[in-house]
Amino acid sequence: MSDTTPERSVQGVGVLLSLTALLLAAMLMSLMAGAQWSTPVAVWQALFHPSGLVVEDLLIRTTRLPRTLVAVVVGAGLAVAGALMQTLTRNPLASPGIVGINAGAMFAVVVLVSMFPHAALWAWYGGALGGAALAALLVWMLALRGQSPGGPLRLVLAGAALTALFNAFSQALLVIDQQGLDTVLFWLAGAVSGRPLTHLWPLMAVTLVALMLCWPLARSMNALGTGEAMARSLGVRVYRLQGAIVVLVVALAGACVAMAGNITFVGLVVPHMARRLLPADHRLWLPGCALLGATLLLLADVVGRCVLQPREVPVGVMTALIGAPLFIVMLRRQGRRHG
């Protein structure tokens, strides 16, 4: 990716403003959606003029608002993590789920639950972050062996192998420990409901800080997108930039998995969608990924709440159902373009 002309930049800013409006509309819909839908007026009153005696106010403030905030942060974090992985590997099929980071985070939580079934939630979150970091370290070490650092193909292959390994270990532990399976089953499916904000504020802060730290690196990422040799000729410290990207991906993916469990396809599909809407500039593309990811996860959660009422479909299932067909369509179009 490279810097864009002023005209394209203005168009990109217009797209970002439109995506922001779409996200706000999705947030309002999320606050309204449920077994019985609330009106926009009821949402306004619950947020800004609450009455402790109105059940609907309590429902919106204590259940739907936390759910909405978690979905926004997780959707944005996963989408940007996927975009960063695609920049790092120069592979449009890369995402934290593909290279094993999500699987490492989930494996760490499964081990923790099996060994310490009564562990506090903060221990889950720490375990997920640690597992994501371990997976990233292993993938990076495997990718460094025998060729130039961070080789894109080797990185993806190493990640795919570790993903299979972590998933196999996780399933084996859960088969042995039925109580552990019952404890983490809903979390493994991917969900943004029932998450107390008092426990989630630190993870949300980690995600938001990581998102903000992407901005000062955006111009260097533009250079990296043209190739390592070209980036070096432009004065970019490639190894340092690659290391910074890995740290950001670990922070984003680990925090998001800790908050919401296994949510697939957001980090894979959203960057492709953003590329079709925005210029080839990380200063515009990354914010677009964040806005689109948050909107997609919110809408998937709303559909999951409504499709089988009074029951709910976990948002991780909904993103797979929505994301897989979209990704297949994108692959077919890309194949026609290169075929």
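Cβ coordinates are placed from backbone N, Cα and C, and glycine is handled just like the others.
Taken straight from TrEMBL:
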TRANSMEM  12-35  transmembrane segment
TRANSMEM  68-85  transmembrane segment
TRANSMEM  97-116  transmembrane segment
TRANSMEM  122-143  transmembrane segment
TRANSMEM  155-176  transmembrane segment
TRANSMEM  196-218  transmembrane segment
TRANSMEM  239-264  transmembrane segment
TRANSMEM  284-303  transmembrane segment
TRANSMEM  315-332  transmembrane segment
Review point. So are the transmembrane segment (239-264) and the transmembrane segment (155-176) touching or not, going by 3+ C-beta pairs under 8 A with a sequence gap of 6 or more?
Key: no
Review point. Which listed range (68-85, 196-218, 284-303) shows the maximal number of Cβ pairs under 8 Å with respect to the transmembrane segment (315-332)?
Key: 284-303
Exercise for review: Spell out yes or no: are there three or more C-beta pairs under 8 angstroms between the transmembrane segment (196-218) and the transmembrane segment (122-143), with each pair 6 or more apart in sequence?
Suggested key: yes
Check your understanding: Are there 3 or more C-beta pairs under 8 Å linking the transmembrane segment (284-303) with the transmembrane segment (155-176), counting only pairs at least 6 apart in sequence?
Key -> no
Revision key, fill the gap. Same-chain residues at least 6 beyond the ends of the transmembrane segment (68-85) with CB under 8 Å of its CB atoms are 23, 27, 30-31, 94-96, 98-99, 101, 192, 195, 197, 200, 204, 207-208, 210-211, 214, 245, 248-249, 252-253, 255-256, 259-260, 263, 266-268, 270-271, 274, 285-286, 289-298, 301, 315
